[in-house]
Structures are given as structure tokens and as C-alpha cells.
């Protein structure tokens with residue numbers, strides 16, 4: 001057991017280093033050229049936030065492996081020598097909450113501040129917003145914790161008579177207890193009056209994690225439910241709408257001229273909106289026009305990239321076209337694999353969570369059998385399914401951002417992502433990562449049983465006064481499945497056709 005714990009500690013350190021390097025790699029390759037050699041504080045927040053998000057997802061498989069470290073020990077205190085996973089969970093998620101509600105908003109306000117102002121004024125302006133938010137959050141958390149920060153556990157008082165010590169042990173389904181005449185134990189024969197409610201106050205860190213989980217669960221249900229369907233279907237539709245052949249030079253010149261005209265119109269519209277902002281006329285129509293311009297700009301960038309794909313230029317034009325074809329083929333293959341994973345997720349939620357009692361352990365049993373094949377194979381598959389949910393959240397946020405006016409668009413593009421978009425998506429990932437862990441701990445409760453995560457997210461969270469009914473009646477799981485089904489129907493009806501932008505802006509000036 002000691003060797004296993006040492007190996008687990010070494011693996012954890014190596015994984016943390018790899019996660020940190022991966023976060024830096026994503027930042028370097030996704031950042032916009034305008035942010036090169038500047039905005040160092042937002043970049044530090046991005047790297048730190050991405051690292052915390054990935055580590056939190058990987059902690060659940062580590063929690064399962066940590067449980068295995070003392071599974072076969074012969075003395076009761078063996079589990080006390082393993083990693084203190086409960087303390088690590090609370091530490092990670094307190095840091096997660098501080099990043100989401102304080103550090104990332106400060107970094108966004110600071111980055112988006114008026115560049116004409118001095119550094120001190122930008123910091124002061126960002127601090128005013130963050131301090132105001134902190135005071136409001138502290139008051140709300142303090143009041144809620146003082147009033148309803150308790151957990152209500154349902155317990156049953158059991159008692160039984162004494163009996164002589166048996167000379168032989170003969171247990172079966174019909175004889176589960178000691179004694180020749182007893183066919184059922186006291187737990188089965190206890191009357192309803194023996195069930196009582198045991199109330200205790202939860203710790204403040206656990207309460208903060210619980211409330212952050214509720215906020216994240218709402219976003220996770222919406223974005224994740226939509227994204228679990230649009231992530232694979234989006235890749236498949238991209239393959240279906242792929243360019244079939246290279247266009248001629250005359251066609252290229254015609255299309256490029258039209259795109260140039262569209263770009264000049266967008267610039268004119270953006271300048272007019274900027275003048276309206278300067279004049280203080282930031283009403284509902286202004287916000288709607290900004291949203292339309294953002295959508296048109298994204299569509300223009302997509303059209304430019306498509307034009308470059310269908311008319312590759314340079315000495316390696318044929319090679320570029322070959323890579324384009326292979327890229328769309330890879331999207332199709334990944335889309336099919338993603339569709340299988342999405343269907344497996346939806347089927348598992350219905351079979352294991354929504355049906356009472358569960359029809360089958362399903363994916364739980366798959367992970368256990370994979371662990372029997374190789375010790376870390378099941379935990380690796382488990383981590384993959386958790387990461388897939390996070391990717392679904394990002395995909396759902398992007399899709400709804402393009403469709404709904406009240407959702408801000410923050411696209412992530414290779415080599416063209418501004419720091420405010422980076423910070424927004426990192427905050428979204430961090431906020432939803434708590435809910436992803438809670439969702440996975442519940443969905444894979446049979447596989448992740450007796451772990452510290454299940455103690456926090458399974459027992460405490462689902463017994464917390466005021467919000468336990470959301471989990472008792474599977475509100476989030478039902479909403480997730482319903483939104484996934486509606487998104488699938490949307491893609492069947494409308495998703496295969498490419499919607500052209502209207503190109504009309506209702507400017508007041």
C-alpha cells in the first residue's frame with residue numbers, strides 16, 4: 001500500500017506539471033497578436049484558471065485511485081495514510097470560487113478598461129466593481145449560511161433483542177441475520193415511526209462549494225444539454241457542407257470583392273456604434289445592433305476562411321487542399337465518435353439516474369471491467385467522459401451565443417483570441433467544472449463509491465436545506481436530457497442548412 005501511495009503522489013505531481021505546461025501552450029497558441037508582450041496579469045489568471053479547471057476534473061479519477069490504495073488492507077487505519085482528498089477537494093473549489101467571482105471579473109474589468117486612462121485609474125475602476133461584488137456576495141452567503149446552512153439527513157433508529165452466540169454460521173438470502181427464527185433483520189422490520197430527521201450545520205467551505213455548484217449546475221444544464229448534441233452534430237454537418245472542389249480564379253476574385261464590400265459595411269456600422277457609445281446612447285437597440293455586428297463579423301471571418309480553403313494559393317497549394325480534405329474527414333470521424341459518446345451519456349443518464357431503481361449500472365460497469373483489464377484504463381475512460389462534458393459546455397455556450405441576444409459571444413480561435421474572451425471562457429469552465437464533477441460523482445456513483453467527492457457532492461449537497469429537492473427530483477438531469485433532445489431535433493430540422501446573414505443594421509444615427 002505504501003508503494004501504491006508513493007506512486008500515486010508521483011503521478012499526481014507529474015500530471016500537475018503536464019497540466020501547467022498544457023495551459024501555457026493553449027495560451028501561447030490561442031492568444032491574439034495584439035496581446036503579445038502585454039496583458040501579463042490576465043495571462044497569469046488564464047493559465048492558473050485553466051490549470052485549476054483541468055486538475056479539478058482529474059481529481060475525481062485520482063480520488064477513485066486513492067480509494068483503491070487501502071481497499072485490500074487488513075487493518076482499519078490504512079485509509080488514514082492515503083491522500084487527504086476531502087481537504088484537497090475543498091481547497092481546490094474554494095480557489096475555484098475565488099477565481100470565478102473575484103479574480104477573473106477583476107482581470108476582465110482591468111483588461112477592458114479605457115486604455116486612455118492611467119494604470120492606477122484602471123485598477124481603481126476594476127477594484128470598485130470587484131469590491132462591490134464581494135460585499136454583495138459576502139452578505140448573501142452570510143445570510144443564507146446563518147438561516148438555512150444546515151443539512152437534513154434521514155436516519156432510522158434500529159433495535160433488536162439479544163440472542164445466544166451461534167455455533168455455526170449459515171447465511172443466505174432467506175437467512176440474512178443471526179438466529180434460526182429471524183427471517184429479516186431489524187432494518188427491514190423497523191416501522192415507519194423509527195425514521196427521523198437528523199439536522200446538523202454544514203461547514204462554511206462546504207456551503208460555499210454547494211452554492212457555487214448550484215449556480216454552475218444551472219449553466220451546465222443549459223450549455224451542457226445543448227452542447228452534448230451540437231458538439232458531434234456540428235462536426236458532422238461541417239463535413240456535409242464541406243467544399244467539394246477548388247474554385248477558379250475568376251470565382252475567387254468575384255467572391256473576394258463581395259467580402260471586401262461586406263467588410264467595409266461592417267466597419268461603417270462598427271464606427272457608427274462606437275459614436276453612439278461615446279454619446280451615451282447605449283440603449284436596447286444599441287445592444288441589439290452590437291450583437292448583430294458581432295454575428296456578421298464572425299460570419300465574415302468564416303466566409304474568408306472558407307474562401308481561402310477553396311482557393312489555396314502559393315507553391316504548396318495542392319498540399320494545402322489535401323490537408324483541407326483530410327481535416328474535414330477528421331471532423332467527420334470525430335463527429336461520429338462524439339455522437340457515440342453523447343448517446344452513451346444520454347442513455348446512461350436515463351438508465352441509471354432517471355429510472356428508479358436503475359435498470360443497469362451501464363457505464364459504471366464498463367469502467368470497472370476496464371480497471372480489471374488494466375489498473376488505470378477505467379479511470380482514464382472515466383476522466384475522458386468528464387472532459388467530454390466540459391467540451392460540450394463550451395460548444396453549447398458558443399452555439400447559444402450566436403443565437404440569443406442576451407448571451408455575449410466570446411469565440412475561441414487559434415491565434416486570434418483576445419484576453420477578455422479567454423477570461424470569460426476560463427470562468428465558464430471553472431464554474432461548470434464544479435457541476436461536472438458533481439454530475440459525474442452522481443452519474444458514476446457505483447464506480448466512485450466511498451470517495452471523498454461522493455461524501456461532499458453526494459451526501460452533504462443532496463441533503464442541504466433549501467436545495468436538496470433539486471437533486472431529489474432530478475431537476476438538472478431532466479433538463480439536461482430535454483435540452484439535448486430539443487437540440488438534436490433542431491439539427492435534424494434546420495442544422496444542415498447554412499443560414500446566411502441578413503446584413504441589416506437598425507442604426508439610430
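Every residue gets a Cβ built from N, Cα and C, even glycine.
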Labelled coiled coil by TrEMBL, one stretch among 283-310, 311-338, 339-366. Can you tell me which? 283-310
Here the stretch out of 6-28, 207-240, 332-354, 422-447, 475-494 with the most C-beta pairs under 8 Å to the transmembrane segment (40-60) is 422-447
Before we move on, state whether the transmembrane segment (207-240) and the transmembrane segment (6-28) share at least 3 Cβ pairs under 8 Å, counting only pairs 6 or more apart in sequence. no
Arithmetic mean of per-residue pLDDT over the coiled coil (283-310): 79
Go through 90-111, 332-354, 422-447, 475-494 and flag the stretch with the largest number of C-beta pairs under 8 Å relative to the transmembrane segment (123-148). 90-111
Grab the same-chain neighbours of the transmembrane segment (475-494) for me: Cβ-Cβ under 8 Å, and only residues 6 or more beyond its ends, written as numbers and ranges. 217, 220-222, 224-226, 228-230, 233, 237, 342, 346, 349-350, 353-354, 435, 439, 469
Segment proximity, the transmembrane segment (422-447) to the transmembrane segment (332-354), 3 or more C-beta pairs under 8 Å: yes
